[in-house]
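Undergrad: First, the structure itself, so that you have it in front of you.
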Amino acid sequence: MNKTVNPKDLTSDDDNGPLYVARKKVYPQSVQGTFRRIKWGLMAFCLGVYYFLPFVRWNRGLGAPSQAVLIDLPNSRFYFFFIELWPQEVYYFTGLLIVAAVALFLMNSVGGRIWCGYLCPQTVWTDLFYAVERFFEGDRRERMRKDKSAGALTPKRLSEIVLKHATWLMIAWWTGGAWVLYFNDAPTLVKQLLTFQAPVIAYIWIGILTATTYVLAGFMREQVCTYMCPWPRIQAALTDEWALNVTYRYDRGEKRTSVKKAAELRALGEHVGDCVDCYQCVAVCPTGIDIRNGPQLECIQCGLCIDACDNVMTKIGRPKRLIGYDNDINIQRRQEGKAPIYRIVRPRTMAYSAIIAAVGGIMVYVLATRTLLDINVLHDRNPVAVRLSDGSIRNAYTARLLNKSGHDRVIAIDIDGPVNSTIHVVGADSVTPDRPMIVIPRDSTSELRLLVTAPAEGNPEKSIPVRFRVTDIGLGEAASTTDNFVAP
Amino acid sequence: MTDHQGEFDSVTGRSTTGHEWDGIKELNTPLPRWWVITFYLTIVWAIGYWIVYPAWPLISSNTRGVLGYSSRADVAVELANLDRIRGDKMVALGAASLADIEKDPALLALARAKGKTVFGDNCAPCHGSGAAGAKGFPNLNDDDWLWGGTLDQIMQTIQFGARSGHAKTHEGQMLAFGKDGVLKPDEIVTVANYVRSLSGLPTRNGYDAAKGEKIFTDNCVACHGDGGKGNQELGAPNLTDKIWLYGSDEATLIETIANGRAGVMPSWEGRLDPATIKAMAVYVHSLGGGK
Ligand code: SF4
Ligand code: SF4
């Protein structure tokens, strides 16, 4: 690893060079192996969910949208299978964000940047775009050769390029298309899109996401991870010596020699490492680095170099995992000749798991116990209290009643408050004495003005708690809230 | 950076910038070309932006930008759009009778919302943002009405005003009994105490109740009615209740009787369109004092 470079050997990196460098294009080679299979599987799963989820139906009854996952912006509703969220419940998303962030920390403390290598959309789409490129233009060597001989634009070469970009654009377009389907009834929107009847905003979003997907996955690729994404920097600060990172076990690999030379030297009883310097690990790396130089910012820990090297090791009959997921502790320990140890359960991972469990638990609990009927009350500020001509006192409140259920309700409004107080609801649908009732249509809110009047006598306190109760007179479901009744 | 030629990091073989902290030297890592180009493009963009949009503050104003863009004009367009969107509903509001609006929850909600904003813009300076009123400006939340508290009466008051100069305005005058020499100062004190007694307020020691009643009957009953119950035709307040527009203490009453009162409510007809006036009447009625 610590090879010293003679400054005289340096050509490209001298101080008089330009302040910027052109990107060195990366030509990752295809590879087969365990991690590649895991990556294919995860890619299929993630893309499958993303592209097809909008088409999953979920019956919520008449008048309600029957799309399983729907972000209904005009009506400010979010539907996720059996869950329907209202704007005032956005704190669930806060919870989700906390869980997501801590899950990222947990992943990081267990396996370094495995998010980057396997699940990050940038990686998933770039991987897919590479597969397309490979399909049309061939593997690493072929692509490098073709790019070098750019002048030879034969019809065959031209058709390859056109087909590649066309396929990329189609994938990118579908990516943008799937995005807008989350915001509208998918089958309807597809029909509208095909007949050019869809809202302009839909085309704009599809255009934006087509462009970003095409550019980010087709051209920016590893540069997004290296230069644009903040996570590698943050991750470096969060990682610890127990985290498993893709590591070249140089204690086993060095010193590198070709297979033939290694055999000769071994026969002479000299020490040589397992690395045969075949550069396979470099050839497959999607960020174009040499993992044998140690941990690097660019490494997204995709494990493809592990697969590549494992294949080499199998071929030359040496044990696998010259490159593998390993941690700092073991690099140290192996140097000291001790057996490696792995510890996934440790205070850090336990703390992260506990936070995830706690936040998740709170969210599930709140979700399970939330009511579909609710009342919020706001006391009038100006005037706080009014004296009526007979000397009695009245306080006014603005109430918002929420009916989150799928059917209309008849709601009765009662109060427990000052002695002999009465309630009047402006716009009540029916008023049996002292018990105003109001109909709230399903899945909606009603704003009401509540007037509470109490005689001055018998209520000597300056401020008396008052409790507003709303009851569904059909189902009996009830909710309540408290406020104060004040004297002028 | 040219000072550090020949300084190289032994591990990576890269040249360094010569900057060193705690023995750690900064590598001279060139930026990617696209990054640098993007950076220069943002500078070009910023210059273009200065030219195209209002950007630079001047002493009393700012540069206008070649497009003449202004966020105020944007707001005006948005407001016009809003009026267009609301157009149909406001037409429906204008067409419905007050009683119908009260019965239709959708119209009622619209009228209350519209009324509330219009009230804030036009009425709040006198009546307060929550219509709590002030001395001389009636509280619209209570149930005491000078000119009547039914929907129609409220609407009429808003439309034509009181002593507003409009042909159909409410008229009514509290005479200046002292200034005009109708009552002598001691008579005013006596009748003021009598009026206080009408609503159960304490009276001055040794005042002549019989004399007070006589003065009241001779001078005040014509407007305030028998027993001082008031008359909404004339805007004469009820003197027996607990609500006093100008105050119920003796000094205030003496001042009122001696100099008279004539608060003015402007007429809104012509200044606001009929549908808006209707919305305002519904809003005021819904404040809770409406009959
Ligand atoms: S070094 Fe290996 S794990 Fe890291 S990005 Fe390259 S191939 Fe993936
Ligand atoms: S693939 Fe394995 S053997 Fe080949 S260069 Fe990389 S580490 Fe060495």
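The backbone N, Cα and C atoms fix where each Cβ goes, and this holds for glycine too.
TrEMBL feature annotations, pasted as is:
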TRANSMEM  B:34-56  transmembrane segment
DOMAIN    B:110-199  domain 'Cytochrome c'
BINDING   B:C123, B:C126, B:H127, B:M265  heme c 1 binding site
BINDING   B:M174, B:C220, B:C223, B:H224  heme c 2 binding site
DOMAIN    B:207-288  domain 'Cytochrome c'
Undergrad: Between B:C123 (heme c 1 binding site) and B:M174 (heme c 2 binding site), how many Å separate their Cα atoms?
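TA: For B:C123 (heme c 1 binding site) versus B:M174 (heme c 2 binding site), the Cα atoms are 24 Å apart.
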Undergrad: Quick one: Cα separation, B:M265 (heme c 1 binding site) versus B:M174 (heme c 2 binding site), in Å?
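TA: With the alpha carbons as reference points, the distance is 15 Å.
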Undergrad: Could you break down the residues of the domain 'Cytochrome c' (B:207-288) into DSSP helix, strand and coil, giving a count for each?
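TA: Computed counts for the domain 'Cytochrome c' (B:207-288) are 41 helix, 5 strand, 36 coil.
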Undergrad: From the DSSP assignment alone, can you count helix, strand and coil residues within the domain 'Cytochrome c' (B:110-199)?
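TA: For that range the per-state counts are 41 helix, 4 strand, 45 coil.
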Undergrad: Just report the maximum Cα pair distance in Å for the recorded heme c 1 binders B:C123, B:C126, B:H127, B:M265, no decimals.
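TA: Pairwise Cα check on B:C123, B:C126, B:H127, B:M265 gives a maximum of 10 Å.
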Undergrad: Please identify, among the binding-site residues B:M174, B:C220, B:C223, B:H224, the one with the smallest Cα-Cα distance to B:C126 (heme c 1 binding site).
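TA: Going through B:M174, B:C220, B:C223, B:H224 one by one, the Cα closest to that of B:C126 (heme c 1 binding site) is B:M174.
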Undergrad: Mind checking which residues of the chain, 6+ beyond the ends of the transmembrane segment (B:34-56), have their Cβ under 8 Å from one of its Cβ atoms?
TA: 62-67, 69-70
Undergrad: Looking only at B:M174, B:C220, B:C223, B:H224, the residues listed as binding heme c 2, what is the longest Cα to Cα distance in Å?
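TA: Comparing all Cα pairs, the maximum is 10 Å.
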Undergrad: Between B:H127 (heme c 1 binding site) and B:H224 (heme c 2 binding site), what is the CA-CA distance rounded to a whole number of Å?
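TA: A Cα-Cα distance of 24 Å.
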Undergrad: As a test of reading the model: what is the averaged pLDDT for the domain 'Cytochrome c' (B:110-199)?
TA: 91
